[in-house]
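J.: Could you have a look at this structure, given as structure tokens, before my questions?
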Amino acid sequence: MNTGPAATNSPVATSAPTSANSAVATAATAIVNIASLVTNDPSLGDGTPLGLIQDAAVVIDGDRVVWVGESSKAPATDNRVDAGGRAVIPGFVDSHSHLVFAGDRTAEFNARMSGQPYKAGGIRTTVAATRAATDAELSANVARYLHEALRQGTTTFETKSGYGLTVEDEARALRIAAEHTDEVTYLGAHIVSPDYADDPAAYVELVTGEMLDACAPYARWVDVFCEKGAFDGDQARAILTAGRAKGLHPRVHANQLTHGPGVQLAVELDAASADHCTHLTDADVDALASGSTVATLLPGAEFSTRAQWPNARRLLDAGVTVALSTDCNPGSSFTSSVPFCIALAVRDMGMTPDEAVWSATAGGAAALRRTDVGRLTAGSRADLTVLDAPSHVHLAYRPGVPLVSEVWRAGVRVV
Ligand SMILES: [Zn+2]
């Protein structure tokens, strides 16, 4: 992933204590004087799922965390960075976005928010602009939004194709995405291509055949928008199983606008994630609770379309693993801000601040089947966000305030 412009400010380092610690290389960096540290390791600190440690330190060696604990017990290192009594959390893991696009849909959003009738087909506007854009324009757009997200604390980012809808344009989108992140998703099945409006079956054949062959080398995941007006359950099953046969792992846009088969299909195929989960039956919730598919909630979409919120409380009470992501895209959720999504989830979806922060870090990692990110414990990647606040709770308590003061990614301070 592109980490944006190189850091121009070096960490404020002070001279290290002289005694060496055998377990930690002295070339390591200790971030000390952390008021509260979210580790997401329940065996640490207060024993909650956040594994919260007060008066904490994190020691980084290379791109890894090598030690976390109470600041007073931090091992000796050459470099010490004073967090100044701020909170530190794992970098956000945004497991759902659509960043390979061109064009602008301001007028559509403005009309929707002004109460004017909204006609579907907005995705087609973006498809036309994306097809017309150059590789350089698309790549610059991805880099721009990734940097925007990084400044807001996101250190791991998934992104998808889905605005090309031809063999060449989908493969191009994924090739460009793969230049910026390892978490790349083939979404040729975003909508039926306008070129195949009269023959959706032929489009499914393309998506499961020639387009898949061209796209699979660049992608880790295969996704489908399983929804009325997009792809039905049988089509979605064909697309996901074809992708799986090519080594891609499924994830599903499921139950966003209406009840439908998407969630059940996701669980049945062991998809890493069922995304949106806004309209769920009790059977859907039970299926999620009994499987290993994460429910990824995307409140930016409900915000930007004035739609009903997903009920996070219902899922959490049933024991479902919940992730929280932005769905950043130019039509229905044009935000790259995970803190904004945390605030919405706490205010309107029944999540506690602790749950929302967990879901935006460890939950996102679970939705990408990653264990090296979304947590701060010995061995995890040194991706962390320093908040200009004494506690992670401020992310919901102070909505809209830019609280991210530093971001470290793979052991390097990048913001
Ligand atoms: Zn989406």
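Counting begins at 1 with the first residue displayed.
Backbone N, Cα and C atoms are what each Cβ position is placed from, and that goes for glycine too.
Worth saying up front: this structure is predicted, and the values here are computed from it rather than measured.
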J.: Write down the one residue from Gln256, Gln264 that TrEMBL lists together with Arg105, Tyr163, His190, Ser332 as binding 4-imidazolone-5-propanoate.
T.: Gln256
J.: In TrEMBL, the Fe(3+) site includes His96, His98, Asp327. Which of His180, His249, His253 does it also list there?
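T.: So the Fe(3+) site in TrEMBL includes His96, His98, Asp327 plus, from the candidates His180, His249, His253, His253.
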J.: I'd like to know the mean pLDDT over the domain 'Amidohydrolase-related' (274-392).
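T.: In the predicted model, the domain 'Amidohydrolase-related' (274-392) has a mean pLDDT of 97.
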J.: For ligand 1, pick out the binding-site residues His190, Gln256, Asp327, Ser332 that have a CB under 6 angstroms away from one of its atoms.
T.: Asp327
J.: May I ask which residues of the same chain, at least 6 positions away in sequence, place their Cβ under 8 angstroms from the Cβ of Arg105 (4-imidazolone-5-propanoate binding site)?
T.: Gly122, Thr125, Thr126, Pro330, Gly331, Phe334
J.: Checking the contact step here: among the binding-site residues His96, His253, Asp327, Asn329, which have a Cα within 10 Å of the Cα of His190 (4-imidazolone-5-propanoate binding site)?
T.: His253
J.: CB neighbours of His96 (Fe(3+) binding site) within 10 A?
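T.: Result for His96 (Fe(3+) binding site): 32 neighbouring Cβ atoms inside 10 Å.
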J.: For His98 (Fe(3+) binding site), just count the other CB atoms lying within 10 A of its CB, please.
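T.: A count of 27.
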